[in-house]
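Inspection log for the structure reproduced underneath, given as structure tokens.
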């Protein structure tokens, strides 16, 4: 056990650098999310190239799977995509969201306070309870070092991931603004809630950079979405020109953000010690996805869009900003083992989320 712990410490110190992935793009929400909405006619005939570009989002699950395999078997293909590129990548994806949205969509989202509150409960009550449970199990049942359990708990204390917004875009486009509001609220309040939860669960109060986090929200979320909304409002012809190119670019950027953390931490993940932690992280996220899906079905069973709301809240509960947890672990904990669960979480959260996107999108098409 000690030898394994020493190996993973060495592995993590040399390889650990991770990322929390993100979110992205869909078509104009005033249109139906269907094959027909992507069709472009020029003099009564379809423009095949434009059609392919606009429908490239449908290839996202396959691209994510390919990037995962490539990151495992040839890590240098993604290791160049370091942390400094994450903020611009997220900003681009949120800009694409703004270009394909309107201010009316976000105003409508604020008219559902009960759903917003449910998303907040999933993020900061359900998820921390699961994190505490699996953190305790890691030491008492599986005999892992205590810092590993602390790392699992730390993952459960952070805010929602913007990748949940992207997943919602791909499955239920009309719910996208609601998802963005939920994630933005949890991120904005994480400056107070995350330190409190870490104190309650881990026994260590972590100072969080309030100014830095607010600045990050403004740069990555607020400013790009606002720019996209304004461009769509005052220069719609420009949006019409660039809109066909946003889906393939969004798919490419997302693949980078999924493959990079896996490539950087692949040695830690595939080690014997890492595989046990990997199993716990998968169980943690899977439990969060399941609870996030079924609980709203009980409380919102009368809502006309209950299934779409269930999927949205499942993404909100099961996906979180593991990058923030990784940064906190590296900065405030001396033991590098604390940072291993957040590093693995950045990978598994993305893969599990897009697996659900693929399954739910396929189910919608067949139905």
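Each Cβ is built from the backbone N, Cα and C atoms, and glycine gets one as well.
Copied from TrEMBL, the annotated features are:
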type     : residues : note
TRANSMEM : 59-79    : transmembrane segment
TRANSMEM : 114-136  : transmembrane segment
TRANSMEM : 148-168  : transmembrane segment
TRANSMEM : 180-202  : transmembrane segment
TRANSMEM : 214-232  : transmembrane segment
TRANSMEM : 244-264  : transmembrane segment
TRANSMEM : 270-295  : transmembrane segment
TRANSMEM : 339-361  : transmembrane segment
* Asked: Among the recorded stretches 59-79, 114-136, 148-168, which has the greatest number of Cβ pairs closer than 8 Å to the transmembrane segment (244-264)?
  -> 59-79
* Please give the sequence-distant neighbours of the transmembrane segment (114-136): residues at least 6 beyond its ends with Cβ less than 8 Å from one of its Cβ atoms. => 149-157, 159-160, 178-179, 181-182, 185-186, 193, 197, 200-201, 280, 283-284, 287-288, 291-292, 295-296, 299-300, 309, 312-313, 316-317, 320
* Asked: Among 59-79, 148-168, 270-295, which stretch has the highest count of C-beta pairs below 8 Å with the transmembrane segment (180-202)?
  -> 148-168
* **Distal contacts, the transmembrane segment (59-79) - CB-CB under 8 A, six or more residues away** => 170, 251-252, 254-256, 258-260, 262-264, 266, 270, 350-351, 354-355, 357-358
